[in-house]
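Swiss-Prot annotations:
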type	residues	note
BINDING	His219, Gly220, Gly221, Arg263, Pro264, Asn265, Lys266, Tyr272, Ser273, Phe274, Trp275	geranylgeranyl diphosphate binding site
BINDING	Asp269, Cys271, His321	Zn(2+) binding site
REPEAT	144-186	repeat 'PFTB 1'
REPEAT	193-234	repeat 'PFTB 2'
REPEAT	245-284	repeat 'PFTB 3'
REPEAT	291-333	repeat 'PFTB 4'
Amino acid sequence: MAATEDDRLAGSGEGERLDFLRDRHVRFFQRCLQVLPERYSSLETSRLTIAFFALSGLDMLDSLDVVNKDDIIEWIYSLQVLPTEDRSNLDRCGFRGSSYLGIPFNPSKNPGTAHPYDSGHIAMTYTGLSCLIILGDDLSRVDKEACLAGLRALQLEDGSFCAVPEGSENDMRFVYCASCICYMLNNWSGMDMKKAISYIRRSMSYDNGLAQGAGLESHGGSTFCGIASLCLMGKLEEVFSEKELNRIKRWCIMRQQNGYHGRPNKPVDTCYSFWVGATLKLLKIFQYTNFEKNRNYILSTQDRLVGGFAKWPDSHPDALHAYFGICGLSLMEESGICKVHPALNVSTRTSERLRDLHQSWKTKDSKQCSDNVHISS
């Protein structure tokens, strides 16, 4: 059998550490959508997030043709927590992470099945909607009003969000998930934006990074979540002054060593090449970073045998770091990788498809409004 380009690169000695082995990463993401290793079993309740990393990773590699899109779309819709006939569970709607509860398979828009322990999870709703858009679905079977009602029920008085209606930790991660959900559904009624903005604003720490909440430690991940949320809202420059933005930029740019770390005096980690790199991109100063050092670090964590990326060199690859490693390389315009939308965390091709979808909804609503006016007159 003829050797692939990746096989030739993998046998090329010193150059193998610095070559991006695209085909191996495609196969790695394919495996993530099939039977997972035992060590992933604890993630069963959030399987939809693993599907997101794999599907968006394949999309970034322009390789979605290797999966059965229709089957995956049906599976994702079966995870939607739909309103019951009496709509008494609206505050619990959204998407669950997998079929672990044994709820009947229902990929339709029919009324849901009442279950005392069934509810959506904010991160699963975010990744579920993202996956559907990545796969080219038009979201016609998403009960948008129910998703937004479920989202509203998760916002707390301080403006942050918890993950599930039963209560959980509440922090900047879920503010970002909520912002993405509202942005994708093109409807910001799912949150009190003023309260969410206030929460982001109060989370700015003494050293000018953003924390998970007020009074906590600045972190690269929470800084991304806060800045990206404001960008999706179109409020970044209203919330922070130019002087404050310059301080945030300085804090972010100081996170680079070779790759990036999330906090001072912590080791670099592959995923921060996206979290911090995307923040710098949104702040329009990514071009001032050292691309070569960042690229070399990311590729030093590449598994040259099975594909994927790890958080550190000589560690096991996983779906999360494989995806964010590729997104980090995309920010530097690596050959063979599509461009990433830094705020929404999907390919720009997917973000453009979403924009077209929003336009079609707007056209449909305008026509319906016009028809109603015509009928009433």
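Just so you know, glycine gets a Cβ as well, placed from its N, Cα and C.
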Exercise. From the centroid of the CB atoms of Asp269, Cys271, His321, the recorded Zn(2+) site, which same-chain residues not already listed sit within 8 A by their CB, in sequence order?
Worked result: Thr270, Tyr272, Ser273, Thr301, Phe309, Ala310, Lys311, Leu320, Phe324, Gly325
Exercise. Under 8 Å Cβ-Cβ from Pro264 (geranylgeranyl diphosphate binding site), six or more apart in the same chain: what's there?
Worked result: Met254
Exercise. Between Ser273 (geranylgeranyl diphosphate binding site) and His321 (Zn(2+) binding site), what C-alpha distance do you get in Å?
Worked result: 10
Problem set entry | Secondary structure content of the repeat 'PFTB 2' (193-234), with strand meaning DSSP E or B | 24 helix, 4 strand, 14 coil
For this session: May I ask for the residues of the chain that lie six or more residues beyond the repeat 'PFTB 3' (245-284) and have a Cβ under 8 Å from a Cβ within it?
Result: 204, 207-210, 217-221, 223-224, 227-228, 231, 236-237, 290, 293-294, 296-298, 301, 309-312, 320-321, 324-325, 327-329, 331, 340, 342-343, 345
Seminar exercise, completed: Residue counts for the repeat 'PFTB 1' (144-186) under DSSP, helix then strand then coil, are 23 helix, 5 strand, 15 coil
Seminar exercise, completed: In the repeat 'PFTB 1' (144-186), averaged pLDDT is 98
